[in-house]
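Note sheet for the following structure.
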Amino acid sequence: MEAVIKVISSACKTYCGKTSPSKKEIGAMLSLLQKEGLLMSPSDLYSPRSWDPITAALTQRAMELGKSGELKTWGLVLGALEAAREEQEQVTSEQAKFWLGLGGGRVSPPGPECIEKPATERRIDKGEEVGETTVQRDAKMAPEETATPKTVGTSCYYCGAAIGCNCATASAPPPPYVGSGLYPSLAGVGEQQGQGGDTPRGAEQPRAGRGAGHRGLRRPAGRGQRVRPAGGAALMAGQFDSEDRGSWYWGRLSRGDAVSLLQGQRHGTFLVRDSGSIPGDFVLSVSESSRVSHYIVNSLGPAGGRRAGGEGPGAPGLNPTRFLIGDQVFDSLPSLLEFYKIHYLDTTTLIEPVSRSRQNSGVILRQEEVEYVRALFDFKGNDDGDLPFKKGDILKIRDKPEEQWWNAEDMDGKRGMIPVPYVEKCRPSSASVSTLTGGR
């Protein structure tokens, strides 16, 4: 325990500065996490897989008991761990040795020289050293984690050669972009196949978020689960009137039109529409984490049976209607929206309905301000709203709703969102401009 406290304290002093928590506060937090069964060992805190469950549990505890001390400490510790991870300085036993003054090389970000890795890695926990091979460590990585090169040992990370390799001159991998995710989210915890899709149950699996690669609709977190939003933002409750159905219900709106209305809007902007494939059901479409997510809302009768379609949300009738989203049941759509004003769907709460003025308008660059970019890497696209492209493609920028994600159009007239780190601004030839502007 003491060794882990020293490591975490040193990391916090490096990345948090004067706001760094004390060793006493870190120790109290670790004791609580072990008591609650969130950590089998204090050193498990180094694993990114433990961060989301810890955040969810401490957030729920703070809101239920009004005790936010451990949550505040965890926020600082998490920030330090994420900062180290983003700089490719993951908390390993080698870095622990460095911080504790026990020797060992400090993890360095990849440079132009040959990138290397150690043959073995050891973890320090209560004086015990446990050997772990590189192959074993790589096999334990989560599917969404990115195996980034790091320099610690004496053999090349890619080919294993001690000297004389040419890996340093190989093509660099595409840069990371906002939304790709450095560690798995809680969005997929407890999900079952067929839950939360805009297709009949069992037709497709729900996706865990940008970068997961699955298509279809999503399932929100369960009751009481409060998922940490991107960037650690505080819980924000919506100010809209859930009883004003005209502000959020759009009727028979297609999925594509919903994406067009919500793409680029602030997190938490939403609308409710009729399901296009399951009559009588609805879809909650929400702008969150640089994408548009779609959550299926099943309509149930008094005995749990399916309701006939065409009645609209909460339409009066002889039999009361209930609404199922994920594993939560509500008496009406307004009560469902009220619930998600203060509970996270995945990374956001419901903040406001999309404005009706968006229906016939769009924010598009004026002709004299049109910009073009050239693709530096291939991009396959992870969401329905993404625009796939190949290295060397010329794209026309239509608008810039976010700093790291722009809305673009390719030479075939297809439109969608592109990651800014994957492209560079350019001045295409007149022939390319003619093609992109419709002169084909």
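Glycine too: its Cβ is placed from the backbone N, Cα and C atoms.
The range from 106-109, 134-137, 154-157, 174-177 that Swiss-Prot describes as motif 'PPXY motif' is residues 174-177. Sorting each residue of the domain 'SH3' (368-428) by its DSSP state yields 5 helix, 28 strand, 28 coil. Each residue in the region 'CRK' (209-437) has a pLDDT score, and their mean in this model is 76.
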